[in-house]
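What TrEMBL records for Asn100, Asn110, His115, Glu120 is oxalate binding site. Positions annotated as Mn(2+) binding site by TrEMBL: His113, His115, Glu120, His159. Here TrEMBL flags Cys35-Cys51 as disulfide bond. The domain 'Cupin type-1' annotation in TrEMBL covers 74-213. The annotation signal peptide is assigned in TrEMBL to 1-26.
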Amino acid sequence: MELYYTKRPFLLFLSFTLLLVASTRADPDSLQDLCVADLGATSVVVNGFPCKPASNVTSDDFFFAGLSMEGNTSNIFASNVTAANVLSFPGLNTLGVSMNRVDVAPGGLNPPHSHPRATELIILLKGRLLVGFISTSNQFFSKVLNPGEMFVVPKGLIHFQYNVGDKKAFAITTFDSQLPGVVIASTTLFGSTPAIPDDVLAKAFQVDQKVVTAIKSKFGN
């Protein structure tokens with residue numbers, strides 16, 4: 001009996017240690033100073049992009065001027081999103097950050113969409129935007145932003161930006177992912193390839209199939 005109680009603390013400690021080791025993943029922090037994405041690599045498949053050889057890295061890999069230019073809002077939504085993620089800015093690879101520039105004409109909309117891999121922080125620099133998101137309990141949270149004001153959208157939730165002012169609006173959005181991904185509700189549902197059957201969408205939105213067909217035609221389906 002005495003031997004059992006002597007060993008018990010050690011067995012508990014050993015069990016806890018094994019559980020901790022089993023639940024621990026690889027070091028989440030970067031193990032090198034930099035890992036510029038080699039976007040041209042096709043022979044290696046990883047969750048992200050392989051690193052460009054250090055000898056080929058230049059200062060230009062850490063520079064991106066795309067957000068300095070106003071986006072073209074001449075489209076059906078009267079908005080434009082310029083992305084500064086790893087696909088356009090390879091120096092972001094493994095760093096877990098990215099940004100977008102959002103330009104919205106008066107009355108324009110950055111349509112309801114979600115980012116499956118990132119939380120979004122919005123700061124308005126010009127104009128007035130109604131921003132909002134819907135939680136998984138179907139609650140709508142929104143604010144009208146003025147220049148200098150911010151709004152945060154939790155990871156994966158559907159959200160939008162709508163210009164409620166009489167001038168162009170300009171915002172910067174930041175993400176805690178090098179490639180947050182985007183799923184635009186309308187284009188995903190009505191412009192997918194291959195197309196979602198009309199009767200599925202008609203049933204989901206409780207409308208006639210003719211309405212679905214008319215909407216699809218706006219998205220190339």
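Cβ coordinates come from backbone N, Cα and C, glycine included.
Long-range Cβ contacts of His115 (oxalate binding site) within its own chain (separation 6+, distance under 8 Å): Val153, Lys155, Gly156, Phe175, Ser177, Pro180, Gly181, Val182, Val183. Shown for the domain 'Cupin type-1' (74-213): DSSP residue counts in helix, strand and coil, namely 22 helix, 56 strand, 62 coil. Around the Cβ of Asn110 (oxalate binding site), 25 further Cβ atoms fall within 10 Å across all displayed protein chains. In this entry, oxalate is bound by Asn100, Asn110, His115, Glu120, whose most widely separated C-alpha atoms sit 14 angstrom apart.
Summary of the Mn(2+) site environment: with the site residues His113, His115, Glu120, His159 set aside, the chain residues having Cβ atoms within 8 Å of the Cβ mean position are Ser114, Phe133, Val153, Leu157, Ile158, Thr173, Pro180, Val182.
Those residues of the chain, other than Asn100, Asn110, His115, Glu120, with a C-beta within 8 angstroms of the mean position of the oxalate site C-beta atoms are Val81, Val102, His113, Ile122, Val153, His159, Thr173, Phe175, Pro180, Val182.
Take the Cα of Cys51 (disulfide bond) and measure to each of the binding-site residues Asn100, Asn110, His113, Glu120, His159: the nearest one is Asn100.
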